[in-house]
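According to Swiss-Prot, the protein has these features:
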| type | residues | note |
| --- | --- | --- |
| ACT_SITE | Tyr139 | active site, proton donor/acceptor |
| ACT_SITE | Lys167 | active site, schiff-base intermediate with substrate |
| BINDING | Thr51, Ile209 | pyruvate binding site |
| SITE | Thr50 | site 'Part of a proton relay during catalysis' |
| SITE | Tyr113 | site 'Part of a proton relay during catalysis' |
Amino acid sequence: MTTHRPLFYGSITALITPMDNHGEVDFNALKKLVEYHIASGTHAIVSVGTTGESATLSIAENVKTILKTLEFADGRIPVIAGTGANATSEAITMTKLLNDSGVAGCLSVVPYYNKPTQEGMYQHFKAIAECTDIPQILYNVPSRTGSDLLPETVGRLAQISNIIGIKEATGDVSRVAKIKQAAGDDFIFLSGDDATGLESMKLGGQGVISVTNNIAAADMAKMCELALAGKFDEAEIINDKLSALHKDLFIESNPIPVKWAAYKLGLIPEPILRLPLTTLSEQSQPKVIEALKNAGLL
């Protein structure tokens, strides 16, 4: 049971970035999404992370989207900026542009494609942390990056004062204990895997950076509140209801299914993505509809 809440905790949305028919960011739709999350009890927003299609937005578009999200949030919900890149210099540039913005934290992914060593990862995150006072959250997602940030490297990075936590998206719940042992109990552990998010909280994690939250925000917030209060049996009831969503929102590459689901629920006007991502295929749509019905959303 969590009695003292850390800087980041609970149900944190990995927010989709709505786009119009021309493939441009739809800021009117973005404002409505921010209001939806505030009304639903979401604990924080990650702007332009993986689910927010950061990889296909320019630096200028990323920064503008983060700043507009901050504007729409208006201090009512913390905003965490996705600032990761596989070039350390680019990640530093993004971070510096936000130094005086008011973001509550930065989420920085393990460099993808170039496959650095553990020492390379350490030096990468150290260099980013040294360019800012903004709290930094590491982001480990080997299925996308091709590299695994190991617990012992996390422990080294935890010695840097403004590296305060990790989004751990391996789905390996044993990482909770390993990272806590290496980095200390105060180091924030946020699951990046909806399917194992509640289990990680049972083992000492403080929350979930969630894809499911985009369309089931109130349920995810309630589940995490119950888990933080140690009411795991009640939290499990909600998690069971959402279990098909946790799985089928990854039936195709994220954020393809969740954007289509948000469109189906009327949360965004179009399910548009930027190439090379394309809209959810017709053969996958029935599975997502079934999962939405199981969750009581349709």
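The backbone N, Cα and C atoms fix where each Cβ goes, and this holds for glycine too.
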Legend entry - Thr51, Tyr113, Lys167 screened against Tyr139 (active site, proton donor/acceptor), Cα within 10 Å - retained recorded positions: Lys167
Inset, instruction - Compare the C-alpha of the residue listed as 'active site, schiff-base intermediate with substrate' with the C-alpha of each of the recorded positions Thr50, Thr51, Tyr113, Ile209, and give the closest one. - result: Ile209
Legend entry - Distant-in-sequence Cβ neighbours of Thr51 (pyruvate binding site), under 8 Å, six or more positions away: Ala14, Leu15, Ile16, Val211, Asn214, Asn254, Pro255, Val258
Inset, instruction - Quick one: give me the count of other CB atoms within 10 A of the CB of Lys167 (active site, schiff-base intermediate with substrate). - result: 28
Legend entry - Cβ neighbours of Thr50 (site 'Part of a proton relay during catalysis') where a neighbour is any other Cβ within 10 Å: 25
Inset, instruction - Would you count the other CB atoms within 10 A of the CB of the residue listed as 'active site, proton donor/acceptor', including those on all shown protein chains? - result: 28
Inset, instruction - Just name the winner among Tyr113, Ile209 (the recorded positions) by count of other CB atoms within 10 A of its CB. - result: Ile209
Legend entry - C-alpha spacing of Thr50 (site 'Part of a proton relay during catalysis') relative to Tyr113 (site 'Part of a proton relay during catalysis'), in angstrom: 15
